[in-house]
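Asks: Input: one structure, supplied below.
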């Protein structure tokens, strides 16, 4: 069979140049990437890209930077598979392939004018950061902002400098907790769910945005519902293996939905009846 | 960049898998262009250096001397590839484990058996750490090339953990069970492109069992096709007797 | 008269071989060919006698031509960075002897790959394939359930469509310009007569009697409701006990299209290709994410997913069943997971049995 070049293939990649690369923890590496000619990625907070190293493969990775950051975008990758392992070997100056952005991100237009409660556990802070920084950069468009962060140990904490900045701001309430403290830790100890009851909020005008590992959603959502936050005002971002990003390959399917096209961001009222979602 | 130093070693085996490499023809030249073969008893006589990048080990571990030798090879090698069924699963040598070691020695060496030690047959990973597996009796060369590329790129290679049926169906073979023949394809790891069945043979399970077989389901199938259970177990144990060592 | 006479031609059976030979001289022709043990597969043919016109559904459906098992999506060369060139692999060909169930399967794939974002690889290749359908005048075997999903009669999706109307001739529906060109070039087809059309209508009437009832006791319109109710059914656990997770059911399914994308570098480790290959939701690792969590860990959940992808999800999205009724999944399953049996059990369990709508013969 003959192979013929085609234009406009959805599989075409753009060259992404790594501007900066650094380890955030022992497991997670940060990359700042620019497209050729400074072209904008033009993404919404919460969307993802497919990152390639040709010859090794491609994997879906959430965008961690806000679209308000121009000229480049940021990813944080945990060393957990073949592609991510190879990504960890790359440094500034190296190239990766980029497709996307893909998926439905956080509905920023709908969030405008409302109070926001961000809840992130573990790596959940990576995609959520795209929205948090977007909100901070457009601070006057939003109401009260609460940020709750949880992770296993202080060593797992990502973006320490930035968290400190969020903590210092008067227009943001920031609180974090670790499951297991070390002697230097002076903050909260306990699961992220323990931080929710103490938050003061007006449920009818609050959107809760929750991102974390699968197990965390059930417990956090129970707490949010106790706070009377309406189901359609609870947003989650689900993790699946979005292989093609085009709603075809089937890997990310959640019952009748494709996570890569219909998600990864969903409102809780949309998925609460979907058995495979949470 | 200097070419990686690659050495081939053999333990209890027929060396047929190494012969597969020698027989790959033109592709061999491409492979040799990538690596520096420092030890390969099948095609050369010189003995290699102390440190090697990749050790390709054929054969299973069957006596004390072999245990010592494989440990030394492991120390010398940055990457160790278990190569062929004997190395990966113990292979046919595992059949020894059906018998008492004492009886085996007497059977093989007669009245001089005391001069020869023997131990329970083990697959290489049951003695030292293995980085890559190239299953099969003999190895399937396209898979070997794939693994070699992964090793040279420093990437993991995952042996497919689906059954041979997956590939067999893509090749549109008539199912052996339809022909009234018992085939181990349903419980054997894919990756060989259903090589045997494509050529009219059954699957003997030489690539090892899938890691999470539905045993109850498999038994039902065996019953459905009226196959005696011990026949299947015998077939299974031909290549896979040593899997019992993994459970220990 | 139901049919438009002008759209029909006839071919004498004695000219069939001549037709194939002439067609195969123009372009590659693929048709069902007999294999051992009563099985068939689509293979390249050059003569009429190679073609098995009376056949049970082939081991693999014709989707293998529309969406090959292994298909290159791009070639790459990383010697100076991430350089990639998307490609499409295709071949002009004629697919001959395609049953109505398989025509439906191709229609399903067309819908999926036409949905935005469009899949150019599929769409370009599809346009190079001419399809000649062939009517089943009777059930192929006990596994088929084409009546249930309304695929026992043609619903378009072909360029030409052959029906065996008598001992000595086929009537052929000319559906497209591409089909018309084949007819003209072949120069062995005659215009159909009123009598030929009557014969076709008589045959279809007879077929209505043969395919009088659904193959399982439920109305076509109530299948959706059945699957609404059956999500937590015990039947899925029964399937879990049987299923060997070999993925044969999805590989042979004419409307299963899931795939994996894989990079294969050449030995220079710089150049190579990115290709996709068929994947199966029945594989244990299919819904696994990098962290190791699998979202359909149980075999029962994976089997249920397969059924819902045939009878429920596509109905919501594309307003059609993706089960074509071809029976391949049941025919191929070593563990004896049978689609008709599964549906019947679900129907019984949900109290939705209607003997007037259909009856199940598992025989």
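The chain as shown is numbered from 1 upward.
Quick reminder: no glycine exception, Cβ is built from N, Cα and C everywhere.
When I checked TrEMBL for this same protein, it listed these features:
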{"type": "BINDING", "residues": "A:76, A:77, A:78", "note": "FAD binding site"}
{"type": "BINDING", "residues": "A:244, A:249, A:252, A:260", "note": "[2Fe-2S] cluster binding site"}
{"type": "DOMAIN", "residues": "A:11-108", "note": "domain 'FAD-binding FR-type'"}
Asks: Among all the protein chains here, how many other CB atoms are within 10 A of the CB of residue A:260 ([2Fe-2S] cluster binding site)?
Replies: 27
Asks: For the FAD site (A:76, A:77, A:78), what does the 8 A shell look like? I mean other same-chain residues with CB within 8 A of the CB centroid.
Replies: A:24, A:27, A:28, A:29, A:30, A:61, A:75, A:79, A:84, A:87, A:123, A:126
Asks: When you measure from the Cβ of residue A:78 (FAD binding site), how many other Cβ atoms are you left with inside 10 Å?
Replies: 20
Asks: Please report the Cα separation of residue A:77 (FAD binding site) and residue A:249 ([2Fe-2S] cluster binding site) in Å, rounded to an integer.
Replies: 23
Asks: Give me the sequence-ordered set of same-chain residues, not including A:244, A:249, A:252, A:260, with a C-beta within 8 angstroms of the centroid of the [2Fe-2S] cluster site's C-beta atoms.
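Replies: Not counting the recorded site residues, we get A:60, A:241, A:242, A:243, A:245, A:246, A:247, A:248, A:250, A:251, A:258, A:259, A:261.
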Asks: In terms of DSSP three-state secondary structure, what is the assignment for residue A:77 (FAD binding site)?
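Replies: Once the DSSP labels are grouped into three classes, residue A:77 (FAD binding site) ends up as strand.
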Asks: In three-state terms from DSSP, label residue A:249 ([2Fe-2S] cluster binding site) for me.
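Replies: Note: residue A:249 ([2Fe-2S] cluster binding site) is coil by DSSP, not helix or strand.
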Asks: Cα-Cα, whole number of Å: residue A:249 ([2Fe-2S] cluster binding site) versus residue A:78 (FAD binding site)?
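Replies: Rounded to a whole number, the Cα-Cα distance is 24 Å.
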Asks: Provide the list of binding-site residues among A:76, A:77, A:244, A:260 whose C-beta sits under 8 Å from chain C at the C-beta level, in sequence order; use 'none' for an empty result.
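Replies: Near chain C, the qualifying binding-site residues are A:244.
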Asks: Over the domain 'FAD-binding FR-type' (A:11-108), what does the predicted model average in pLDDT?
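Replies: Within the domain 'FAD-binding FR-type' (A:11-108), the model's average pLDDT equals 96.
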Asks: How long is the line from the C-alpha of residue A:76 (FAD binding site) to the C-alpha of residue A:260 ([2Fe-2S] cluster binding site), rounded to the nearest angstrom?
Replies: 19
Asks: Can you tell me which binding-site residues out of A:244, A:252, A:260 are within 10 A of residue A:78 (FAD binding site) by Cα, answering none if there aren't any?
Replies: none
